[in-house]
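A short worksheet on the structure shown next.
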Amino acid sequence: MDVNLAPLRAWDDFFPGSDRFARPDFRDISKWNNRVVSNLLYYQTNYLVVAAMMISVVGFLSPFNMILGGIIVVLVFTGFVWAAHNKDILRRMKKQYPTAFVMVVMLASYFLISMFGGVMVFVFGITFPLLLMFIHASLRLRNLKNKLENKMEGIGLKKTPMGIILDALEQQEDSINKFADYISKARE
């Protein structure tokens, strides 16, 4: 299946005003996780543009440390995803505690980068855009178009770069299973 980049959402849709933002229910982790995954899929191109601008500014100020940090993060992330697919205990951890999995990757990257120097470049250049994405995805309420796009991604009608990343983190399987359960209940 072809991978398509999601369209760039309008600024008033991406950041519409305080009425479309709400604090997530921290007691219901699955609902919060669903909101984050849905928003990451729907606004992925906007997140990419914001991250690229921030990374470009930091990379312009300190290019060597930025490249070094990027290489280390990609290698650590790839290593953890590979290990999680080959080791059952890591696979269960990644599935049950996705936030902890991402935090372990970030901490491992931090320690490797601190051995080479340039920790602050990593923090501001790579981690800060990720933090902003997570905060926006957590607080932004979903609209009907967002939910429809996510269902199309979930059942395989569309494939996007963020969908591939979330599949690697095994964050879309649950939504596909829920959708399949819904269809089977609707048939009955």
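Glycine residues also receive a Cβ, built from the backbone N, Cα and C atoms like all the rest.
Over in Swiss-Prot, the protein carries these features:
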- MET1: N-acetylmethionine (MOD_RES)
- 136-188: region 'Targeting to endoplasmic reticulum membrane' (REGION)
- 1-35: topological domain 'Cytoplasmic' (TOPO_DOM)
- 78-92: topological domain 'Cytoplasmic' (TOPO_DOM)
- 136-188: topological domain 'Cytoplasmic' (TOPO_DOM)
- 36-56: transmembrane segment (TRANSMEM)
- 57-77: transmembrane segment (TRANSMEM)
- 93-113: transmembrane segment (TRANSMEM)
- 115-135: transmembrane segment (TRANSMEM)
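When Cβ-Cβ distances below 8 Å are used as the criterion, the topological domain 'Cytoplasmic' (1-35) is approached by residues 41-46, 49, 98, 137-143, 149, 156, 158-162, 164, 171, 174-175 of the same chain, each at least six residues removed from its ends. Counting residues per DSSP class in helix, strand and coil order gives 14 helix, 1 strand, 20 coil for the topological domain 'Cytoplasmic' (1-35).
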